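Engineer: Take a look at this one; I'll ask things after.
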Amino acid sequence: MATACKRSPGESQSEDIEASRMKRAAAKHLIERYYHQLTEGCGNEACTNEFCASCPTFLRMDNNAAAIKALELYKINAKLCDPHPSKKGASSAYLENSKGASNNSEIKMNKKEGKDFKDVIYLTEEKVYEIYEFCRESEDYSPLIRVIGRIFSSAEALVLSFRKVKQHTKEELKSLQEKDEDKDEDEKEKAACSAAAMEEDSEASSSRMGDSSQGDNNVQKLGPDDVTVDIDAIRRVYSSLLANEKLETAFLNALVYLSPNVECDLTYHNVYTRDPNYLNLFIIVMENSNLHSPEYLEMALPLFCKAMCKLPLEAQGKLIRLWSKYSADQIRRMMETFQQLITYKVISNEFNSRNLVNDDDAIVAASKCLKMVYYANVVGGDVDTNHNEEDDEEPIPESSELTLQELLGDERRNKKGPRVDPLETELGVKTLDCRKPLISFEEFINEPLNDVLEMDKDYTFFKVETENKFSFMTCPFILNAVTKNLGLYYDNRIRMYSERRITVLYSLVQGQQLNPYLRLKVRRDHIIDDALVRLEMIAMENPADLKKQLYVEFEGEQGVDEGGVSKEFFQLVVEEIFNPDIGMFTYDEATKLFWFNPSSFETEGQFTLIGIVLGLAIYNNCILDVHFPMVVYRKLMGKKGTFRDLGDSHPVLYQSLKDLLEYEGSVEDDMMITFQISQTDLFGNPMMYDLKENGDKIPITNENRKEFVNLYSDYILNKSVEKQFKAFRRGFHMVTNESPLKYLFRPEEIELLICGSRNLDFQALEETTEYDGGYTRESVVIREFWEIVHSFTDEQKRLFLQFTTGTDRAPVGGLGKLKMIIAKNGPDTERLPTSHTCFNVLLLPEYSSKEKLKERLLKAITYAKGFGML
């Protein structure tokens, strides 16, 4: 006891740590032996141990189950078989197969040269070139292959490699040396590592790698987003070594061994929290320009993606901020790597409603990794995190009556705020903030994945938000507009059905007969008065009714609304609302676009109702013929208009202000303008407005002209129409506030949702059209019909679409997505063709001649208006 008291605290602590380390090493060794016994056996065919794979009665299990069982056997100190000499472990065989040539060369090298670089515990650029030169002179690359295999398969060694600073801390080096001493000749399976990890406590885990944070006191201080790895050096090394095919195989095999251990470290050991430099290994591996090659796609890259997905959110954010500083070519290379893996896995498997692509771990992991590259592309682009619309609007009024759930004491299940991606929160940047990414957003869309994705199942996973099921709607950048529109359709329909069920149950509870639909009965000649008055009453009394399915009825007409009547309703409303004579919007002849009239006499309520109509069109999957500049959709999503937006909405003014900014002379002397501008009211009378206080007395100079341009742009796009647009946006959000619209779509895609595609590809329409009632693609009337349609002018083609589908715009994805049906409607007759716009069905009699067919068809599409029952 006296002797123990004389020991210094440092010696005592050192001995305790050493004893603890030896105890853990012994435990880990036993667990690995149990795992090996369960997965490969002892080699004795007559073995009687029920916990040995060589026993004839042993029931086989997968690696994860074996890992858990190994831990249980360790705890009860179960029997261990003696190894049989005739048995060779699978892992050893794999190692020999993958590195057989290397092992033979190693023996020769040791005999011939006696130098194997076993003392290399981490790599630098200089050390790589030294070994490479040695191998080149001896014409034997085995030493370098072994070094690459050893360093690139060890997380601890790779983390220390290619540092910007030459020196490493004593704790790091000591930990790495201990790791090498304890390391077996064969790499252990990932599951065994996981079992050992579950047994170790957090204190033991932290001593496994050493306290790197203390060691950093000896090296240069780094900022929160800085990394210690020398990226340029890594690129030079890869450039030199990857040209050698033997060395490339070494990198490939090392990555196969590295990835499961990294996944284990991140899942169970919280390794990044203890050592942020752990991120270095992901940076190093991702610099390998051959990751997209076929050799990596089968095993190495999927394993690495699974490991990379385990990075905590903070680490992902740091990695994204680093990658955002890369060039567009570097971002594209990484993007193509993950896209290649996703495409390869999609086309090499058969996915359907039973075998979902969502269940493929490699595709899911690659999509999550691709998300990091996507955000790096966003952050590294032209980003504007300012100019956000201040959310100072009054809250949307709730219904004055209790819902069924509230009567029963529950909240409504669907009443959630818009979803926000955690990475956006971590980075402080949204996709909406990016004006121009490093590479285009379209390059991140994976069409083969979209083709096999079961959107109904994916939407379910998106709404449930379970950890077991992955939804690709959480990675909207990888989906095309058609797929996302289908997801939005499911969301809207489910919400409609939910409102319908709630209404029925509410009626039973209250004893009142309520309408399960949003029913609008309008007169065709007074459509604005009837529709807007009715919508205004609903918005004031019970805004939740706006989320019911729309049902339109034209007074005096027999049409039943299965979608087609609603389409015409929206078409007529839009024509009336955007009539310049009403004065709510101004029309620019040059751009063919509408803008809010700052001098409009209409009330805020009228603009709110216009927003409701726009929201209802999206909610009910109807296309509108509206022509807004892109800044309107950006403002709807929450961004204010800036000078750059003027180029689209007010091109003449934009060019004038641009010339002012680029003027090389003296602005004050030559132009003599101030911070006071002139606008015209509804009657053409001039109105003066000061952009700053006493603006008429402040001259514009070369120094303050940028401020003038920004203030002028802000006035035109924001302040002058603030009252009108705020009401418009409020009405839009009354319908879409609980929708994933903002989460899934960019402003450009919102415009596509509302307006449809401007490209009318009638060739695609012909290829996808189906036939019924006796017609086929080869029927004479059908061939003549398409010859006539293709000869139509653009205006006639739009009239034809209006006649058959209820709208003259192509849906999202183009006319090929329309699924039109042409059905035979009797023999030759004088009757005109008719249509079911709800179902995109054209009823076409079998006319006797092509001339008669054209005459009847033109008359039908030119004078078609109104609905009747056939």
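A Cβ is built for glycine as well, from the same backbone N, Cα and C atoms used for every other residue.
According to Swiss-Prot, the protein carries these features:
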- Ser8: phosphoserine (MOD_RES)
- 42-81: zinc finger (ZN_FING)
- 171-180: compositional bias 'Basic and acidic residues' (COMPBIAS)
- Ser213: phosphoserine (MOD_RES)
- Cys838: active site, glycyl thioester intermediate (ACT_SITE)
Engineer: What are the helix, strand and coil residue counts for the zinc finger (42-81) according to DSSP?
Structural biologist: 13 helix, 0 strand, 27 coil
Engineer: Just how many other Cβ atoms lie inside 10 Å of the Cβ on the residue listed as 'active site, glycyl thioester intermediate'?
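Structural biologist: I get 18 for this one.
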Engineer: Does DSSP give Cys838 (active site, glycyl thioester intermediate) helix, strand or coil?
Structural biologist: coil
Engineer: Take the zinc finger (42-81) and average the pLDDT across it for me.
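Structural biologist: PLDDT averaged over the stretch: 80.
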